[in-house]
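These notes are about the structure you will find just below.
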Amino acid sequence: MISRQLVLTYLYLLIYVCLSSSVILFNKWVLSPKYFKFPFPITLTMIHMAFSGIVTFFLVRVFKVVAPVKMTFHIYATCVIPISAFFASSLWFGNTAYLYISVAFIQMLKALMPVATFIMAVLCGTDKLRWDLFLNMVLVSVGVVVSSYGEIHFNVIGTLYQVTGIFAEALRLVLTQVLLQKKGLTLNPITSLYYIAPCSFIFLFIPWYLLEKPEMDVSQIQFNYSIFFLNALSAFALNISIFLVIGRTGAVTIRVAGVLKDWILIALSTIIFPESVITSLNIIGYAVALSGVVLYNYLKMKDVKANQLPADNNPDRSTKDKKALNTYRPDNSMDNNDGTVIGGLASEAAAAVDEEAPLIPSARLSYVTRTQTGSFSNR
């Protein structure tokens, strides 16, 4: 039985790594003017949001795979709408970057995600400025700068789009923590998409109408329905894989998987897209940045363990924790219909935040009364 569970865990991790990589490569192929020739990133993102909204509606309302949370108009207006706005912005800017820079370079720039999240958290008052984390962020930034300097096909516009998308995603993560934590809401990737995808679609409609609609010539667009269906399906399946992985692993495992995925993705992108060239400076810079990310993960995990020690020494709290843990069933994570967090320190997996995952719950199950978010990487 133990070996079977271990096999399932590694299977879910493998599925996550494959889906996360395939979504990024698929998006690049669709948007690239050299391949599928559909240079409309906002339209593609709107297709993803529409597909996710429809599918999650059936999962939540019809098949009742997961139960909806108690959503009031006030909560929707003050929490869901602003979070959806930044979620839509991060997807818009991130997908637009594919038009200008390579997948490999995009993955290297994504190493800035912890830096952006740390800056936004300090500015919003959810984290304190610490010298160990600050110096760690400097190390990551230096690595990204070196990697950028070594980029042969460096493009200022594409880099600005990607960096802007990273900071929009970071602000969205911090807002999710601040807004939802106050309301005591807990969402998983399915229920979060159920509420956020339709709202994000509406936000994307405005820039689409102003920027892409005037340039779209229907007679010249290669609109292959099967391609777009598979593309949207793979993006949605990525969220399901996150749902499963979170239910079986902790923060360390999913972060290691995220790092492995990035290296695999960089290697695959140079094979699938021959125009993507990696230099020695790219590798050196990314290795430096990645070492900073790994150190950042270690420091955050150390903080989490330190915060848990007082609770472990408190008999009353320990009893409450045991009762809470009894509600967690890793073998039946998809049957969890109460909308609570499934699994361990999922949001601490900031390295695993994907572009299509609007919310990754970060609170430990034993602390189900507070919800946080962490970064399976953009896609």
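Placement of Cβ uses the backbone N, Cα and C atoms for every residue, glycine included.
Feature annotation from TrEMBL assigns transmembrane segment to 7-26, 38-63, 75-93, 99-121, 133-154, 160-180, 192-211, 223-245, 252-273, 279-299. Look at TrEMBL and you will find 11-297 tagged as domain 'Sugar phosphate transporter'. Annotated region 'Disordered' per TrEMBL: 309-339, in sequence order. The compositional bias 'Polar residues' annotation in TrEMBL covers 329-339.
In summary, the transmembrane segment (160-180) lies against the transmembrane segment (75-93): three or more C-beta pairs, each 6 or more positions apart in sequence, are under 8 Å.
The transmembrane segment (7-26) shares the most Cβ pairs under 8 Å with 252-273, out of the stretches 38-63, 75-93, 192-211, 252-273, 279-299.
Counted over residue pairs 6 or more apart, the CB atoms of the transmembrane segment (75-93) and the transmembrane segment (252-273) come under 8 Å in fewer than three pairs, which marks the two as apart.
The listed stretches are 38-63, 99-121, 192-211, 279-299; of these, 279-299 has the most Cβ pairs under 8 Å to the transmembrane segment (133-154).
Beyond the transmembrane segment (99-121), the same-chain residues lying 6 or more positions past its ends with a Cβ under 8 Å from any Cβ of the stretch are 24-25, 28, 31-33, 39, 41, 127, 133, 137, 140-141, 143-144, 147-148, 151, 153-155, 157-159, 161-163, 166-167, 169-171, 173-174, 262, 265-266, 269-270, 273, 275-278, 282, 285-286, 289-290, 292-293, 296, 350-351, 353, 374-375, 377-378. Two recorded stretches are said to be in contact when at least 3 C-beta pairs lie under 8 angstroms, sequence spacing 6 or more; the transmembrane segment (38-63) and the transmembrane segment (223-245) meet this definition. Counting residues 6+ beyond its ends, the transmembrane segment (279-299) has Cβ neighbours under 8 Å at 104-105, 107-108, 111-112, 114, 118, 132-133, 136-137, 139-152, 251-252, 255, 259, 262, 266, 348, 350-351 in the same chain.
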